[in-house]
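Asks: The structure's right below; bear with me while I get my questions together.
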């Protein structure tokens, strides 16, 4: 089985371990992490390798709990970390475990008790209660987690507290039955929180809007899109609105017809005065050009929603770490 461990502060990846790498080691993914002492990488590489082995045991345990065969693909996901406020104090700690994409067990907000999602998870819950797992996790979340988050914020504040404003545009995609899809794209933004909405004459179209999850662009920024289906010829009544921390004010966009379509229309209008025969030829030429140009300019980048306020003081930040204890 493949084991991957990733650490984040807010939307920025810090460190990564991948058991399928040629030389599996904990590696920095953010530039400021290169300042960390070598002992950190040695220590956490060994922890990751230990966790890889314990995760194999956990996987076999869950296969037994759910009476499943070893064939096929199965996944255990763990996420735990801490949220701190602008004063550096702990706001919330958490640990969540999922199996094959479904909730399994989670640490409650009191950091003292667990919630099991099903009968199999109850077995793990009872074992963890007897072993004092919640107390150990609470000690980590209130101690080392907060300390490391403070250190990351100090070393990486230029990256973590930056804002990259989204670049937005609207594309036009043909559909059958005199309908078109208008898709509003937001690209290259950071942090990931963003809101995209479509409006018709000032009324929000939340029920009729298709929205994708915010996606990483691979360069430290994010992308998202939202689309609506509208009647052909009514595109100008629809507006896309983009809200993001990096914008001085929200963006309002409409679909803009390509310049070639506008210039063709002007040519036809001028030729009309030259006589019926010439007008007929001009109309035929215009229709042919329109057919050649029919279709939207698509793209496979995306844009997505989620609101963020613009606060110049230090925002609340989160850190996620992966250091599992056994489910067995």
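For all residues, glycine too, the Cβ spot is worked out from N, Cα and C.
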Asks: Identify the transmembrane segment range according to Swiss-Prot, selecting from 266-289, 290-313.
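Replies: Based on what Swiss-Prot states, transmembrane segment spans 266-289.
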Asks: Which residue counts does DSSP yield for the region 'Alpha-3' (164-255) in the helix, strand and coil classes, in that order?
Replies: 3 helix, 53 strand, 36 coil
Asks: When DSSP states are folded down to helix, strand and coil, where does residue 67 (N-linked glycosylation site) land?
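Replies: It is coil.
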Asks: Can you figure out which of 67, 157, 184, 240 (the recorded positions) comes closest in space to residue 82 (disulfide bond), comparing Cα atoms?
Replies: 157
Asks: In the structure shown, with every protein chain counted, which of the glycosylation sites 67, 157 has the densest set of Cβ atoms within 10 angstroms of its Cβ?
Replies: 157
Asks: Here's one to test understanding: among the recorded positions 145, 157, 184, whose C-alpha is closest in space to the C-alpha of residue 67 (N-linked glycosylation site)?
Replies: 145
